[in-house]
Structure formats: structure tokens, C-alpha cells
Amino acid sequence: MRFSLTTWNINSVRLRINLVAKFLKSARPDVLCLQETKCIDDAFPLKRFKRLGYEHVALNGQKGYHGVAVISKLPFETTDIRTFCDKIDSRHISVAFGEKAQLTKPLVLHNFYVPAGGDIPDPALNPKFEHKLKFLDEMKACEPLHPRGEDRHILVGDLNVAPHENDVWSHKQLLKVVSHTPIECEKLLAAQTYGEWIDVARERIPMSQKVYTWWSYRAADWTIGDRGRRLDHIWVSRALKESVTDFKITRDARSWERPSDHVPVTVTLEV
DNA sequence: ATGGTAGAAACTCTA
């Protein structure tokens, strides 16, 4: 069975619901994982998704900030929410697909919104950066994020770190910029390695090639110099490594009217 | 420790 999944930091789902609808009508992924929905669950535009054929929704929203959602054509067996760093921030939700979705073997999906970390890349001076580093450490230590053997797990989201040199437009110029400092890159890669996750983008695209999923709003024209970063990630467990059949970054979405600063990232698997 | 823009919400925070 073909299974496709998109992750997208939407930067307010209510403001950009028409862009989401445009994307879903054209790409038709089975599952959409959103980050930065920025609304409480009662304000989530559920009906619009149902009309688009996405009847199953798992929400972890909060007022004004953060917020993650899983929107699906396929039903879930279970959903779960985890907290990190003893904060109630809405930064994680997971769902499991199984028999109800006609899957013979279970598939577990984690959707993350890792703290951005503020501007100053020093945990002693900047509590937001300290929080980000601690969050990454807790992701590494989190037992449910350690798929083993035949476990079919997927981890997606805005991880707010561009870990490799060609995940940013200028490695040298971004070494002291939060999202690409050595310490956070090390911590993200440590979580990835310890959990034996496969980074789908870098499995499909050579390390020597620049890959971005985010372009700052703070540029008059985002296309000038192509100053992007790869902040949005799709990781799969080893049991799914050979199941990936396609990977796509919808770069066009950055040019849509009133866009998010992130674009959709989609994986297709044969499960 | 430049400033630039964007969103939610409320007169400021977060990214």
C-alpha cells in the first residue's frame, strides 16, 4: 500500500487554511503533519479538512503559540502527546496506524515542533537556547523515539536545526546563528543516530547538494541569493529505509500569496 | 547581541 505523508510548519493554520487546501487538493498526501498551528483545539478548522476528505485529526494546540496537528485520510488506532523540559508547550503529538487503516503491520508517526531557540547562541545568556538544547537532549533520551528491529516508525517536523553544511546557504556565515551552531547540530544528530533514524532527505539527495525547506521573512525577496535552511525533517526507522519511494520539497509554496516561511516536505512509502 | 518581517494578541512575545 502506498502511504504518503507531508510535514509543514504552517505559521497559523487559520490564517493559511486556503493555502493548506490548495496544497491538499494538488498533492493529496494520506497524512499531513502541521506545526505552529497557533490556535486552541476548539478553534481548529476541522470542518474544512473533513470537506477535503481528511476525517481523522489529532490535535495538540495552545493559544497563540506553537501547536501541532496530524490530519489524515486514514483512521488512527491511538494518539499520544508527550511533554519535554517540564513545559506544557504543544510541541509533540504521535499517532499509530494499524488495522483500521488496512495496515498489516503498525506504523507509528511522531510530529515535532522543536523550540527555535531565540537569537543568542549561548545557553548561559539565553534561556530559549538553553531550552532548545535541553529539548534535543530529551529527544535523544526518549525511549519511544528508539525504534528497534522491525519497528516501523516515522519522525517528522520542524526540528529548527539545519545539521549539515549544505543544509544552509553559507556554513561559515551561519556557524554562530541559532539553527546551525555546532552544539545544536551535534545534539540533533546525536538524537538521530542514537534512535537509529534514517534522514530521508539526505538518503535521497547527496550531502554535496544544497537542500532547504525554509526561507526567512526578513528579506525583501526570498529568492535573492537563495538564502535558505533545511529546518524541516523526515526520519524513518531502519525497517522503513527500503520502503521510501519518493521525497519532495514543494519549494513553489514559498511564492504563494501570504506564504508560510516553511514549505511542505513530502515522503512516499510502500508499506 | 545589526536589522530586517510575520503572527497572535493585546500594548509584547515568539519565531
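Positions of Cβ are set from backbone N, Cα and C atoms, glycine also.
Annotation source TrEMBL lists active site at A:Tyr113. Annotation note: A:Tyr113 (active site) sits in a strand segment as assigned by DSSP.
Residues annotated as active site, proton donor/acceptor in TrEMBL: A:Asp158. Within 10 Å of the Cβ of A:Asp158 (active site, proton donor/acceptor) there are 28 other Cβ atoms, across all protein chains.
Around A:His262 (active site, proton acceptor), the same-chain residues at least 6 positions away in sequence with a Cβ under 8 Å from its Cβ are A:Trp8, A:Asn9, A:Ile10, A:Asn11, A:Gln35, A:Asp158, A:Thr213, A:Trp214, A:Leu231, A:Asp232. Positions annotated as active site, proton acceptor by TrEMBL: A:His262.
Residues or ranges marked as Mg(2+) binding site by TrEMBL: A:Asn9, A:Glu36, A:Asp158, A:Asn160, A:Asp261, A:His262. DSSP assigns A:Asp261 (Mg(2+) binding site) to coil in the three-state reduction, outside any helix or strand.
If you look up TrEMBL, you'll see A:7-262 marked as domain 'Endonuclease/exonuclease/phosphatase'.
All protein chains included, A:Asn160 (Mg(2+) binding site) registers 25 other Cβ atoms within 10 Å of its own Cβ. What TrEMBL records for A:Asn160 is site 'Transition state stabilizer'.
Using a 10 Å radius centred on the Cβ of A:Asp232 (site 'Important for catalytic activity') and all shown protein chains, the other Cβ atoms total 25. Under the heading site 'Important for catalytic activity', TrEMBL lists A:Asp232.
Summarising the annotation, TrEMBL assigns site 'Interaction with DNA substrate' to A:His262.
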Give me the Cα-Cα distance between A:Glu36 (Mg(2+) binding site) and A:Tyr113 (active site), rounded to a whole Å.
7
Minimum Cβ neighbour count within 10 Å among the binding-site residues A:Glu36, A:Asp261: which residue?
A:Asp261
Number of Cβ atoms other than its own within 10 Å, given for A:Asn9 (Mg(2+) binding site):
24
Around the Mg(2+) site formed by A:Asn9, A:Glu36, A:Asp158, A:Asn160, A:Asp261, A:His262, which additional residues qualify by having Cβ within 8 Å of the site's Cβ center?
A:Asn11, A:Gln35, A:Tyr113, A:Trp214, A:Leu231, A:Asp232, A:Ser260
State the three-class DSSP label for A:Asp158 (active site, proton donor/acceptor), counting H, G and I as helix, E and B as strand, and everything else as coil.
strand
